[in-house]
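Participant: Sharing the record's features from Swiss-Prot:
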SIGNAL    1-18  signal peptide
CARBOHYD  62  N-linked glycosylation site
CARBOHYD  149  N-linked glycosylation site
CARBOHYD  442  N-linked glycosylation site
CARBOHYD  473  N-linked glycosylation site
């Protein structure tokens, strides 16, 4: 089999369309066949007997750095798998122009010089899809596998919507090499590339964000809990869509909003808010234990699917951890932090002893999690910076050996960002100061940004990194500290009020403009401009914070869910 991606020649032209808003609906005709139409076309609408899902798309990339998408499933009577397929198809039609551009900027060229790797990867993914299909068929009443079925059908629908092939036959061999599928498994790819020994391609690095910064901050007098995440990634990934999905599965988290990308039904960052009033984020942790890669098999559920299931089904941090831990794939190994805002009483002295914050870490064959509420109220913050916290994970991942080899940069409590968070977390008093900290980078002046390098500092050693500012001719003890296509590309923040409507404040693009050593990112002057595809992106990234108001409020849903749950429990 030849697992080669096809370049989409028309993508650039399609991406230049001037239309800013699109609404697409998937429905069923009276005879049961699927149909879709663009809102406003009455002739098409009259063919429908039952609406299934509608996607509302609003493109503000050039104005705010973000596009916005809401997908609403119409009825709880629609089977899970059809909810997923209809939602995915509507999104694929509404966002296809950005999908085209994102594919060019990220996936194209991934298999160049790596045919053997992509052959093995494709066979692995086909086996994985077949295994999940078998489990779904053998367990039709199992709620977990119903959720898996919803998720994979959402992916199939997304691909079919993008290709305008409503109801087309599913071919796993074609799906497994489709660029949209590759975008879906972007996080999992980092570990799969290690397992199948992908050769390094300096011209194309496509994987998950790899590194991020995160902070959960308890304000004085329990005034609020601020919840923030900064994605670090290739600058080629900066076409962004903030999304809100509203399913009708009856689950506590059936409605959720998240920061995301074209062609991705997951966050990938990850930053997610659910109608169960859970706020969820992750920061990736490295796995340096090559022997553990043997535990990665096709008979598991990849992280991108397990996370979606946990988001929808959990009403607490513990439930999230338990759902996420099933069928651990050992890929996209992260530290996940779940804050349950239902348990937090803003401004009250007396707070629950447990249940507010839960921390989960994964490695192949290992899921470690525990409640960290007491820690949060004692220390007033929980940071995330790509180093594992739990000793079992540190040992199993061989992170302790990396500390021995390279020093404190790989340690949990002495790595630069750990020290910066420890020093600066008390500067956070409100949303604005949280954004300021999470966008901070003063690498030429901050003593905590220093390294055994020439020049003696690195723009990587900051809460919001800008590795493009490191000199090309600099010398560094390891590549992560040097010049590369890698930096902070956003910030997202929510609090106990915003989460009621699944809102968050977000800034798109790299940090810049505060000091002369960290200029505003501009493709016209960037040394990466000829090396990194960035079709459809604004040239100059100098956007203000945005708090987008969704069309529908999720707060009412959760109270209705709680009422129904109590009624059913009393029967």
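From the backbone N, Cα and C atoms, a Cβ is placed for every residue, glycine too.
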Participant: Considering Cα atoms only, can you say which of 62, 149, 442 is the nearest neighbour of residue 473 (N-linked glycosylation site) among these glycosylation sites?
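Facilitator: Closest by Cα: 442.
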Participant: Could you tell me the C-alpha distance between residue 149 (N-linked glycosylation site) and residue 62 (N-linked glycosylation site) in angstrom, no decimals?
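Facilitator: Given the Cα positions, residue 149 (N-linked glycosylation site) is 36 Å from residue 62 (N-linked glycosylation site).
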Participant: Return the count of C-beta atoms lying within 10 angstroms of the C-beta of residue 473 (N-linked glycosylation site), excluding that atom itself.
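Facilitator: The answer is 8 other Cβ atoms.
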Participant: What is the interatomic distance between the Cα atoms of residue 62 (N-linked glycosylation site) and residue 442 (N-linked glycosylation site), given in whole Å?
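Facilitator: Here the two Cα atoms lie 27 Å apart.
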Participant: Show which residues of the chain containing residue 442 (N-linked glycosylation site), separated from it by at least 6 in sequence, have their CB under 8 Å from its CB.
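Facilitator: Looking at Cβ-Cβ distances below 8 Å from residue 442 (N-linked glycosylation site), excluding near sequence neighbours, one finds 449, 462, 515, 517, 518.
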Participant: For the glycosylation sites 62, 149, which one has its C-beta crowded by the most other C-beta atoms within 10 angstroms?
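Facilitator: Max Cβ neighbours within 10 Å, all protein chains included: 149.
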